[in-house]
């Protein structure tokens, strides 16, 4: 019984940090218009959104704050790259030129 409780609690924790996406209907996506730094699919992998440019906010959970343009990296205020593993890091950063 205790193992069932631990399993259920673990499932609650994992679902609390999951990204919920509605079913994708590409026809309902808004056109982002011209994007100076290119386009990328949104965090739900459905609609196109503009990539972020130099100095713009990026990262966060599932990269909800945006993805940097090609040749740029999302760098935290502490100077570390935002980790992008299984849904992105929790930290927000700014787009900086890769060297």
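The backbone N, Cα and C atoms fix where each Cβ goes, and this holds for glycine too.
If you look up Swiss-Prot, you'll see 21-44 (among others) marked as disulfide bond, on the strength of sequence analysis. Taken residue by residue with DSSP, residue 44 (disulfide bond) is part of neither helix nor strand, so it is coil.
Counting only same-chain residues at least 6 apart in sequence, those with a Cβ under 8 Å from the Cβ of residue 46 (disulfide bond) are 21, 24, 25, 26, 29. The disulfide bond annotation in Swiss-Prot covers 24-46 (among others) and is backed by sequence analysis.
The number of other Cβ atoms within 10 Å of the Cβ belonging to residue 29 (disulfide bond), over all protein chains shown, comes to 14. Residues or ranges marked as disulfide bond in Swiss-Prot: 29-47 (among others).
Around residue 35 (disulfide bond), taking its Cβ as the centre, 15 other Cβ atoms fall within 10 Å, counting all chains. Residues or ranges marked as disulfide bond in Swiss-Prot: 35-50 (among others).
All protein chains included, residue 74 (disulfide bond) registers 27 other Cβ atoms within 10 Å of its own Cβ. Annotation source Swiss-Prot lists disulfide bond at 58-74 (among others), citing sequence analysis.
Here Swiss-Prot flags 68-95 (among others) as disulfide bond. Mapped onto three states, the DSSP output places residue 68 (disulfide bond) in strand. Counted within 10 Å of its Cβ, the other Cβ atoms near residue 68 (disulfide bond) come to 27, all protein chains included.
What Swiss-Prot lists as domain 'IGFBP N-terminal' is 19-98, and the listing cites sequence analysis.
As annotated by Swiss-Prot, O-linked glycosylation site applies to 20. DSSP assigns residue 20 (O-linked glycosylation site) to coil in the three-state reduction, outside any helix or strand. Residues within less than 8 Å, Cβ to Cβ, of residue 20 (O-linked glycosylation site) and separated from it by at least 6 positions along the same chain comprise none.
The signal peptide annotation in Swiss-Prot covers 1-18, and the record cites similarity to another entry as its basis.
Neighbours of residue 58 (disulfide bond) among the disulfide-bonded residues 35, 44, 47, 68, 95, defined as a Cα within 10 Å of its Cα, are 68, 95. Residue 50 (disulfide bond) sits 14 Å from residue 44 (disulfide bond), taking the CA atoms of both as reference points.
Neighbour counts were taken as the number of other C-beta atoms within 10 angstroms of each residue's C-beta; across the disulfide-bonded residues 47, 58, the minimum falls on 47. Taking the Cα of residue 44 (disulfide bond) as the reference point, the closest of the disulfide-bonded residues 35, 68, 74, 95 is 68.
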